[in-house]
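Chemist: Handing you a structure now.
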Amino acid sequence: MLNQFPGQYSNNIFCFPPIESETKSGKKASWIICVQVVQHNTIIPITDEMFSTDVKDAVAEIFTKFFVEEGAVRISKMTRVTEGKNLGKKNATTVVHQAFKDALSKYNRHARQKRGAHTNRGMIPPMLVKYFNIIPKTFFEEETDPIVQRKRNGVRAVACQQGDGCILLYSRTEKEFLGLDNIKKELKQLYLFIDVRVYLDGELYLHRKPLQWIAGQANAKTDSSELHFYVFDCFWSDQLQMPSNKRQQLLTNIFKQKEDLTFIHQVENFSVKNVDEALRLKAQFIKEGYEGAIVRNANGPYEPGYNNYHSAHLAKLKPLLDAEFILVDYTQGKKGKDLGAILWVCELPNKKRFVVTPKHLTYADRYALFQKLTPALFKKHLYGKELTVEYAELSPKTGIPLQARAVGFREPINVLEII
């Protein structure tokens, strides 16, 4: 069965062929997806028999490797496959067979995306934030202080000028915004005075309008021409290593070239010496009706979000909301170290359910809870209890809390004593 899949098998690991692309700086980038089988914490050989018969206590692991020419290799977290699909049917799969099917599906999807990348008209995915409500100490160890900016709850957008002089405005996922003529008109005027190679990175926004309304306007072919473009960064495809503080200086110079813009704005920068100053600014911004704050490492390069990469040179500060929800079930994580670790399932008044990660339990405690907590014990001690949940925001589409973490039960309950 191994010979039915494209790729090479070596050292007990099967790797699909590399999918190669070229970065905007001209370097070759490679993405590889691999499958291995683990039994009792040991990688074991993959045999053809595993495609028809499961091996006791064995799980399959899928992972990817990504590297740019002359750069370090980044290895993803393991996705574990613990059971096949369609069990009991003619088309049933074993653990290993299912893992290979899943990996092949991801391989084909990535290959299609990369084929399309050659016709993406110069789109570079914007830099994404890694840290949430944490500012690394290294931000304050640079010669230049980090800067803080207002965080607007809008729609991410990047602007660039194409070879024919037309303005391209696209999303975080490299989807072109077809409307927004009021913004594109001003961008075209601005590009008459600046380096046409520069990309402007920002957010589509209208103050105090809900995100759902903003997204609807941004994605409409014909919009109401009310949205504004707030630019918080800029970059050049061949100068991605340029530090953040230098990019901000150039961005200020860009906006000095044309100061009569109505719908395009440079985001205001605030230099901070320590975490307390950043937190005070965050509190100020929230009072003003904004979502929070963004902190930028002064010496950080511009790191595009290829393959959903999140840059360690950005931090997002937002208030955590909290509310109480009814606990109705429990489950486990699906990938990596979360597999086998307990998760709570809560229910909204409209009966929609969502998963909550216990905040104050160690992984060891979560593993033990999932292993020892029976449905009978859960029903007797936990079902229907009110669970205090902190979260970043509610999904505008479903109303489900996002980034939800369980703080504790309303009534004092030590869940570890139950087991």
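Cβ coordinates are placed from backbone N, Cα and C, and glycine is handled just like the others.
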Chemist: For the ATP site that Swiss-Prot assigns to Gln149, Lys151, Glu203, Phe232, Ile294, which of Lys184, Lys273, Lys316 is also named?
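Modeler: ATP site check in Swiss-Prot: besides Gln149, Lys151, Glu203, Phe232, Ile294, the record includes Lys316 out of Lys184, Lys273, Lys316.
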Chemist: Taking only the Cα atoms, work out how far Leu402 (site 'Important for the catalytic efficiency') lies from Glu291 (divalent metal cation 2 binding site), in Å, as a whole number.
Modeler: 14
Chemist: If I take the Cα of Lys316 (ATP binding site) as reference, which of the recorded positions Lys151, Leu211, Gln403 has the closest Cα?
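Modeler: Given the candidates Lys151, Leu211, Gln403, the nearest one is Lys151.
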Chemist: Return the single residue from the recorded positions list (Gln149, Asn153, Gln403) that has the minimum number of other CB atoms within 10 Å.
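Modeler: With the recorded positions Gln149, Asn153, Gln403, fewest surrounding Cβ atoms within 10 Å: Gln403.
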Chemist: Around Glu203 (ATP binding site), how many other C-beta atoms are within 10 angstroms of its C-beta?
Modeler: 21
Chemist: Taking the Cβ of Leu211 (site 'Important for the catalytic efficiency') as the centre, how many other Cβ atoms fall within a 10 Å radius?
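Modeler: Result for Leu211 (site 'Important for the catalytic efficiency'): 17 neighbouring Cβ atoms inside 10 Å.
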Chemist: How many Å separate the Cα atoms of Glu203 (ATP binding site) and Leu211 (site 'Important for the catalytic efficiency')?
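Modeler: Leu211 (site 'Important for the catalytic efficiency') has its Cα 12 Å from the Cα of Glu203 (ATP binding site).
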Chemist: Which one is closest to Ile294 (ATP binding site) in space, judged by CA to CA distance, out of the recorded sites Asn153, Leu211, Gln403?
Modeler: Asn153
